[in-house]
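Chemist: What follows is a single structure, and I will ask about it in a moment.
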Amino acid sequence: MQLPFVLYYLLSTVPFSSSLLYSFGEKLVWSTIKKLANNRALNEDCSLDVASILPNSFNLSPLATKMLHASAKINPGLLKGNLHLIGDFDQCLSIEEKSSGRTITGQYCTITRSDDKTFFAKILKLGGNVTAPLGLCVPKSCKTRDLEILILNLLRKFRLRVKAQFHDSLCFYKDKPVTTSSLDYFVYFFFMTVISVMVASTLYDLYLRYKGLPKSPNIWLIFSVYTNAEILFQHSDQDITCLGGVKALSNVWIILGEVVVSGRFLTKNILDVIAQPKYDLARTFVWSSFFGNETLLTISGFLLTYNYSKTSNLVTFYFMRFFKCMPVLLVTLLIHTSTLKQSTSGPYGPFAAKTYTQPCQTDWWKVFFFFIGIQNKCLPHTWLFALTTQLYVCSTLFLLSTKSNKLKAKILASGIFLGVLYSYTITLVKKLGFAVFEWNDDFETYIYHSPVAHMPSWIIGACSGYVLSRPSVKIPKICNLIVWVVLGLTMTKLVFGQLVLFETEFSPQRSALWNALARPVWSLGVCFILVSCPTGSGGCINDFLSHPVFRILGKLTLSMYLVHESVVFVCLGNKKETFTLSLVENVIMFSGTYAVVLVVSVFVYLGFEAPVLALRMYVRDKVSSKRRLK
């Protein structure tokens, strides 16, 4: 019974009509559906609407034609992993016609399916969160339960071994009411209040400037967009100018990787996406974006020791670290918990929400326990922020435990050794992979999100920050040139040399060596850049990384890192058809996404990150004024 059904489905996608097709379909499919439509378990309106449509299915009436062509059809590229059977979302929702005295409105429903013992199941497994949806245009009167009765009985009738799942959230019709909770109203009120305060503070700032009145210190200017924009564009002579370029380029790499990896949700050629990076330099570079995360982690350790040497109050030093980051983290949480779920309009919105927003409905509180390492699927991209915070907390004990530099050096060396040994051992024991193509849950738990596995990179960064904080650091020209060449070639090899490893069979020893040494070696290269450039040994590389544009983008690193997944969610959730993921498509998707991320991050910086810095300067000026009066 399966073969005739498949033949009919293939013929029905061809735009012609014949008596043979009519007779074939009348006996095979429509007679069966007519019987199912009379099922008493269906609600009356759905049964009447289905019955009124069926007699017209082969007469090509406007209603039947629209319903049929707005539903999914088999797409080309099936053997490349194109499992997305998507109909015309907008056409279905625009249907509103009378048939047999009844007004029938179109409803687009997506049915998810899984084929446990087929070739397609292997594609789903390879694609991770890739789904295999089937889009159907049905009458609005048919609820999820009615569709379940019709579809499951139809599958059972033709002995099709497909597991179909139905959800109310996957059905859309015109003017469908949006469920709004009390939390949503609070979030709307919160953002409107912040925007109002920003506008009022900016107007007050402009008034003071127009009148020529003194404006500092003035707490009413903390949210002024004008003043905070000055903070964004200001540069101090004590700044490490190359740091902005390193942070900005790392962020670009991370966002590029996120766009491409998330794009696999909607790609027509998932098998090409997975296989081609093994033989393509550009795609290998994209999939190596985890080195961007490692760079930011190294910078975190670098800035800890570099700034610690200039502070006299350890409590204030750590408090400002948390105080600066928490507002942006809170805003990101509010966006994911409330705002994002109402920012999509398309068949893929619920699928994106399942990954990006639904975990925050129940696990939002875990975000605030990042410093003790609670595993959390809400805001999963903040794992780097959580990891650096945990290492920050641990560093307090280290910095206060002893004043002996020799003992500190031994502790740091032991930490690097233990981290490398841990990564090597756990990879052998668990037989873990070494790259995203050999990714599994164990790799994510024991390597990618493990503070111990990343500890060597962070310690190397901390050591380089301490070295740079020492006076008169100089690197001989010959040594500088040799190290630049060696580390440059090594870092290039770490990224593109994976092509050689991809062509070999899986080896636990190979994976163990890679997981143990690749990240620390990469961090050594990053640290040399951070030490060489400020000491006058960076040459043209320092000039490039110190460009004013990079210095501005460097200040936006935190905001861009936290909000970029929200923008990716909106972009994916509003798509209404699949696409072929290619190099050109990647560039176009990344360019648009990065531009939107930049705009959103500027707002987040001016509204939530810069006010913290302005408040710190206000308190500092107040304290200084009181001291001068004494």
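The backbone N, Cα and C atoms fix where each Cβ goes, and this holds for glycine too.
Nobody curates TrEMBL annotations by hand; they come from automatic prediction.
Because the structure is a prediction, the values reported are computed rather than measured.
Take a look at what TrEMBL says about it:
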TRANSMEM  6-25  transmembrane segment
DOMAIN    43-169  domain 'Nose resistant-to-fluoxetine protein N-terminal'
TRANSMEM  185-204  transmembrane segment
TRANSMEM  285-306  transmembrane segment
TRANSMEM  318-337  transmembrane segment
TRANSMEM  383-400  transmembrane segment
TRANSMEM  407-426  transmembrane segment
TRANSMEM  446-469  transmembrane segment
TRANSMEM  481-501  transmembrane segment
TRANSMEM  521-541  transmembrane segment
TRANSMEM  553-573  transmembrane segment
TRANSMEM  593-619  transmembrane segment
Chemist: Honestly, do the transmembrane segment (553-573) and the transmembrane segment (481-501) touch, with at least three Cβ pairs under 8 Å and pairs 6 or more apart in sequence?
Modeler: no
Chemist: Under 8 Å for C-beta pairs, could you tell me which stretch among 407-426, 446-469, 521-541 has the largest tally with the transmembrane segment (285-306)?
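Modeler: Comparing 407-426, 446-469, 521-541: 446-469 has the most Cβ pairs near the transmembrane segment (285-306).
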Chemist: Short question: most Cβ pairs under 8 Å with the transmembrane segment (185-204), which of 407-426, 446-469, 481-501, 521-541, 593-619?
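Modeler: Ranked by Cβ pairs under 8 Å, first place goes to 593-619.
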Chemist: Could you check if the transmembrane segment (521-541) is in contact with the transmembrane segment (407-426), meaning 3+ Cβ pairs under 8 Å among residue pairs at least 6 apart in sequence?
Modeler: no
Chemist: To the transmembrane segment (446-469), which of 407-426, 481-501, 593-619 is linked by the most Cβ pairs under 8 Å?
Modeler: 407-426
Chemist: Do any residues of this chain, six or more beyond the ends of the transmembrane segment (593-619), have a C-beta under 8 angstroms from a C-beta of it, and if so which?
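Modeler: Contacts with the transmembrane segment (593-619): 194-195, 198, 217-219, 221-225, 227-229, 231-232, 252, 255-256, 259, 320, 323-324, 327-328, 331, 553, 555-556, 558-560, 562-564, 566-568, 571.
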Chemist: What is the pLDDT of the domain 'Nose resistant-to-fluoxetine protein N-terminal' (43-169) when averaged and given as a whole number?
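Modeler: The average pLDDT of the model in the domain 'Nose resistant-to-fluoxetine protein N-terminal' (43-169) works out to 73.
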